[in-house]
Amino acid sequence: MQCKPGDTRVFIGKGLAEDGDKQFITLRDPKSGQPAAYLLAGGCLQEINWFKQQYSSWFIGERVLQDGGLYVATPVDPLLLVLPLLERARAQQNVFQDLEQILSMAASPSAHLLAPLLEASGQLTCLCDAKAAGGQSYYRLNDDKRGALQQEILIALAPIPYISGMDELGLTAYAAGLLGEYLAQHWQDRLAKALDLPDELPAPAHAPPSADYSAQSTEKKPRVDPKEAAKAKAAEARQAAKAAKLAKEASGMRKLSAFFQPKAK
């Protein structure tokens with residue numbers, strides 16, 4: 001959602017209260033290739049998502065913020081964003097290249113800002129074969145290392161405590177789905193094949209409870225205006241009281257048909 005200068009919005013992210021540079025940048029989503037918003041803060045790359053429920057507002061101090069939207073920034077591994085670039089670099093030249101050359105292939109001018117994060121962590125060797133020459137490091141994507149890294153990520157994601165009613169296969173498939181949100185389709189297919197996941201998973205013995213959040217439900221629930229609901233409830237109460245009064249008045253009355261019945265001899 002676009003914000004105008006001076007607009008107030010609710011934003012939750014890591015390291016926002018700390019001192020240091022904070023920079024909003026645009027990078028390509030590693031799965032769709034579309035521009036997406038990210039935040040660099042505290043030496044951490046965070047992806048920004050926007051959530052909003054209908055008929056929602058925020059109370060901030062003594063003010064009411066009519067826009068009830070919520071911006072949430074969550075840390076994301078920069079390796080997931082550089083993976084498409086590593087694949088493109090290998091497909092075009094299939095030679096070892098330095099990080100600057102690899103990031104220059106990105107359509108976003110902000111991609112070079114990922115270099116300090118990747119160099120500081122040394123994580124590129126988790127995805128690539130590396131060579132050093134003249135004090136410079138050069139990289140080339142290695143599919144075996146990529147698969148091993150994804151397996152490690154899956155192991156970290158699988159034992160999620162708040163998911164219940166899932167067996168080991170279900171948890172693995174769930175974790176693969178989370179990771180798949182950052183992978184192109186062909187990488188997802190390779191991952192599913194490596195994990196030996198079936199095309200269709202059996203239903204869990206006990207379905208996990210659904211979250212109490214209307215945006216996560218595929219079925220839209222009817223929304224009722226509180227004022228209209230109060231009016232309807234009051235009308236029902238009046239109808240019930242009227243019916244009770246009529247029943248009480250009619251309890252001592254004779255039926256009309258009784259006046260036309262023959263008198264008993």
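Here the Cβ of each residue, glycine as well, is placed from N, Cα and C on the backbone.
For reference, TrEMBL has these:
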- 19-77: domain 'Rnh202 triple barrel' (DOMAIN)
- 81-145: domain 'Ribonuclease H2 subunit B wHTH' (DOMAIN)
- 199-236: region 'Disordered' (REGION)
- 218-236: compositional bias 'Basic and acidic residues' (COMPBIAS)
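The helix, strand and coil residue counts that DSSP assigns across the domain 'Ribonuclease H2 subunit B wHTH' (81-145) are 37 helix, 13 strand, 15 coil. When the domain 'Rnh202 triple barrel' (19-77) is classified with DSSP, helix, strand and coil residues number 0 helix, 34 strand, 25 coil.
A mean pLDDT of 89 is what the model gives for the domain 'Ribonuclease H2 subunit B wHTH' (81-145).
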